[in-house]
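K.L.:
Pulled these from Swiss-Prot:
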- Cys97-Cys189: disulfide bond (DISULFID)
- Asn5: N-linked glycosylation site (CARBOHYD)
- 1-25: topological domain 'Extracellular' (TOPO_DOM)
- 50-57: topological domain 'Cytoplasmic' (TOPO_DOM)
- 80-100: topological domain 'Extracellular' (TOPO_DOM)
- 121-139: topological domain 'Cytoplasmic' (TOPO_DOM)
- 159-195: topological domain 'Extracellular' (TOPO_DOM)
- 220-235: topological domain 'Cytoplasmic' (TOPO_DOM)
- 259-269: topological domain 'Extracellular' (TOPO_DOM)
- 290-307: topological domain 'Cytoplasmic' (TOPO_DOM)
- 26-49: transmembrane segment (TRANSMEM)
- 58-79: transmembrane segment (TRANSMEM)
- 101-120: transmembrane segment (TRANSMEM)
- 140-158: transmembrane segment (TRANSMEM)
- 196-219: transmembrane segment (TRANSMEM)
- 236-258: transmembrane segment (TRANSMEM)
- 270-289: transmembrane segment (TRANSMEM)
Amino acid sequence: METGNLTWVSDFVFLGLSQTRELQRFLFLMFLFVYITTVMGNILIIITVTSDSQLHTPMYFLLRNLAVLDLCFSSVTAPKMLVDLLSEKKTISYQGCMGQIFFFHFLGGAMVFFLSVMAFDRLIAISRPLRYVTVMNTQLWVGLVVATWVGGFVHSIVQLALMLPLPFCGPNILDNFYCDVPQVLRLACTDTSLLEFLKISNSGLLDVVWFFLLLMSYLFILVMLRSHPGEARRKAASTCTTHIIVVSMIFVPSIYLYARPFTPFPMDKLVSIGHTVMTPMLNPMIYTLRNQDMQAAVRRLGRHRLV
């Protein structure tokens, strides 16, 4: 497509993770295993929480929603990456690239807001244990979950609205395995310094502030636990520790990628793999391995299926 003297690109080319065919095959097998594990682990959480009446509490309904987010988030990048690892030419259309950016930031933004809801849930459970069920009623937690999805949608629309007007007239080589703002922005045929600043403010600083507030919230919760009896304190502390691990796994890579100037660094791809592929797989493992109620529910589900 031509406008004046500019030839607009119709697609982008990924450099991917490796140019060596043998290594690409190995990476395909490894990440196929990771993606299958991600899908099965998160589906297991969704089915377990849905089918086990003992888990029909706000905390586990929130955990189920997190599993849905993890499943969808990994599916934005992993299937395309797997196909490209077996392909000679790794391309994505302009429309596909913008779509990937939209869903990546939609689900990533929803994840950020959703982790705040989970922190709020734990705060109510520990500070007001006798009123927990009353405060965290169905209307409230459903409203909070809907708000997280709406928040992610608004965040993504802002990202996309800033990207769509940009002209892309070449080159079209992306040194990555998926479309994301930092890499695509560098290919625009115009000065993007102001836009880069707006992107860092919209994503990076939001991540930093949100991460700090969440850590302070969990620190406050852990301090409050000192007044609880032994067994209740141990169980609540284990749950909070799990949440802190998950929050750190999600926010630290995101801060690295978006809270700095969009200059490429050698670690970028490795951090992106952890952020987009590994974390969605590890989240269900962390929650099931550290949560005795989830472990018991999974065993009950297994026995029920065998009967």
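Using the three backbone atoms N, Cα and C, a Cβ is placed for every residue, glycine included.
Show me how these features fit into the structure around them.
P.N.:
Its own atom aside, the Cβ of Cys189 (disulfide bond) has 14 Cβ atoms within 10 angstroms in the protein chains shown.
For the topological domain 'Cytoplasmic' (50-57), the mean pLDDT of the prediction comes to 89.
Under DSSP, residues within the topological domain 'Extracellular' (159-195) fall into helix, strand and coil as 13 helix, 2 strand, 22 coil.
Counting residue by residue with DSSP, the topological domain 'Cytoplasmic' (290-307) contains 16 helix, 0 strand, 2 coil.
Cβ atoms under 8 Å from those of the transmembrane segment (26-49) belong to residues 17-18, 55-56, 60-61, 63-64, 67-68, 70-71, 74, 78-79, 81-82, 85-86, 277-278, 280-281, 283-285, 287-288, 294, 297-298, 301 of the same chain, restricted to positions at least 6 beyond its ends.
Sequence-distant contacts of the transmembrane segment (140-158), counting only residues of its own chain at least 6 positions beyond either end whose CB sits under 8 Å from a CB of the stretch, comprise 58, 61-62, 65, 101-103, 105-114, 116-117, 120-121, 202-203.
Tertiary proximity for the transmembrane segment (236-258) is limited to same-chain residues at least six positions away from its ends with a CB under 8 Å from its CB atoms, namely 59, 108, 111-112, 115, 118-119, 122, 125-126, 180-182, 199-200, 203-204, 207-208, 210-211, 214-215, 218, 221-222, 225, 228, 267-268, 271-272, 274-275, 279, 282-283, 286-287, 290-291.
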K.L.:
Under a criterion of Cβ-Cβ distance under 8 Å and sequence separation of at least 6, what residues of the same chain contact Cys97 (disulfide bond)?
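P.N.:
For Cys97 (disulfide bond), the qualifying residues are Asp11, Phe12, Cys179, Val184.
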K.L.:
Going along the chain, which residues at least six beyond the ends of the topological domain 'Cytoplasmic' (290-307) come within the CB cut-off of under 8 Å?
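P.N.:
Residues 44-45, 47-49, 51-52, 54-55, 60, 63, 235, 238-239, 241-242 contact the topological domain 'Cytoplasmic' (290-307) from elsewhere in the chain.
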K.L.:
DSSP three-state call for Cys97 (disulfide bond): helix, strand or coil?
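P.N.:
In three-state terms, Cys97 (disulfide bond) counts as helix.
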K.L.:
Hey, which bits of the same chain come close to the topological domain 'Extracellular' (259-269), Cβ under 8 Å, at least six residues off its ends?
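P.N.:
Result: 17, 175-177, 181-183, 185-186, 196, 199-200, 203-205, 207-208.
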